[in-house]
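S.K.: Before we start, here is the structure in question, set down as structure tokens.
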Amino acid sequence: MLEIKVPGTSANFGPGFDSLGVALSIYNKFYVEEIESGIYIEGCEEKYRNDKNLFYVSMKKVFDKFGYKLKGLRIKIEGDIPESRGLGSSASCIVGGVMAANDFIGNKLSKEEMLEISTEIEGHPDNVAPAIFGGMTAVVKDKDRIYHDKIDIDKNINFHALIPNFILSTKKSREVLPKTVDYKDAVFNVGRVALMISSLISGKYENLEVAFEDKLHQPYRKELIGNYDDLIVKCKKNGALGVFLSGAGPTIMAITEKHREDFLKNMNEELRILNHKWNIKKLVVDHKGATVISKLNGGI
């Protein structure tokens, strides 16, 4: 039996739309074993316990590519990454499936090749890249090639995920975006993403409130998220260095200095009085990315 651990991710970082992502200390685990026949999946909703399951689909894509003849599979999922909340749950299933299949075929794929296959399934690389490589990643897809690099951000920060009790699909979140943007709005974002990356590396935190501003996606997506503006104000009032929409939402991500232990307590109080139920979870950067945890004797 194979055990795979994949971190959740937060993409976009405000102005870094579709180009930045970070792996965080929230995980999905997948246990996989080959059996004589059939597909058996547990640990997820009934509607995902079939051959349309994203983890299984991702494994099969690798098997088909290499002509691996699969008998049957038993898959168990232990997930802490909430679904459709902007924390990379789909990316974790894709990366986990590709990595598991790679182990089955004798590790014929490099991480770069796993990134290519995962991006082909996901459609864009900003979540799958950090899920594979760990850390904060800048990534660009140009034609058939994916360019990426790790960003060594200052270690003196924590991430706080504000997670609501409602979901928001990526499809719906993309539908509200305009087909074109003003030139001045593009310039607005370019300047801020450069300042944001530089400040996260240098630790010049006073720049971050401005550097996390965005005009390309958050102004449109926030209309789908109850309490959004109120939460941004509350996070900043309680010491957040920067606040941004995690992925397509609806999770909101706040960054604080590590010594600000009061942020978690204060925000828990703030969240209690909102008209939607929100939870807050403190996270740190995961620098390892997806890993094969163990190969165990015996079944699931």
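Each residue, glycine too, has its Cβ placed from N, Cα and C.
According to Swiss-Prot, the feature ATP binding site maps to Pro82, Glu83, Ser84, Arg85, Gly86, Leu87, Gly88, Ser89, Ser90, Ala91, Ser92.
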S.K.: Neighbours of the ATP site Pro82, Glu83, Ser84, Arg85, Gly86, Leu87, Gly88, Ser89, Ser90, Ala91, Ser92: Cβ within 8 Å of the Cβ centroid, same chain, sequence order.
M.R.: Gly8, Ile81, Gly247
S.K.: May I ask which residues of the same chain, at least 6 positions away in sequence, place their Cβ under 8 angstroms from the Cβ of Ser92 (ATP binding site)?
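M.R.: Listed in sequence order: Val6, Pro7, Gly8, Thr9, Tyr27, Asn28, Gly79, Ile81, Ala131, Ala290.
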S.K.: State the three-class DSSP label for Gly86 (ATP binding site), counting H, G and I as helix, E and B as strand, and everything else as coil.
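M.R.: SS state of Gly86 (ATP binding site) = coil.
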S.K.: Across all the protein chains here, work out how many other Cβ atoms are within 10 Å of the Cβ of Ser90 (ATP binding site).
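M.R.: For Ser90 (ATP binding site), the count of other Cβ atoms within 10 Å is 21.
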S.K.: For Pro82 (ATP binding site), which residues in the same chain are close in space, meaning a Cβ under 8 Å from its Cβ, but six or more apart along the sequence?
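M.R.: The list for Pro82 (ATP binding site) reads Ser89, Ile163, Thr251, given in order along the sequence.
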S.K.: Ten-angstrom check, please: count other Cβ atoms within 10 Å of the Cβ of Gly88 (ATP binding site), all chains counted.
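M.R.: Other Cβ atoms within 10 Å of Gly88 (ATP binding site): 31.
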S.K.: Please list residues from the chain of Ser84 (ATP binding site) whose Cβ is under 8 angstroms from its Cβ, counting only those at least six apart in sequence.
M.R.: Ile167, Leu168, Ser169, Thr170
S.K.: Using DSSP and collapsing to three states, where does Ser92 (ATP binding site) fall: helix, strand or coil?
M.R.: helix
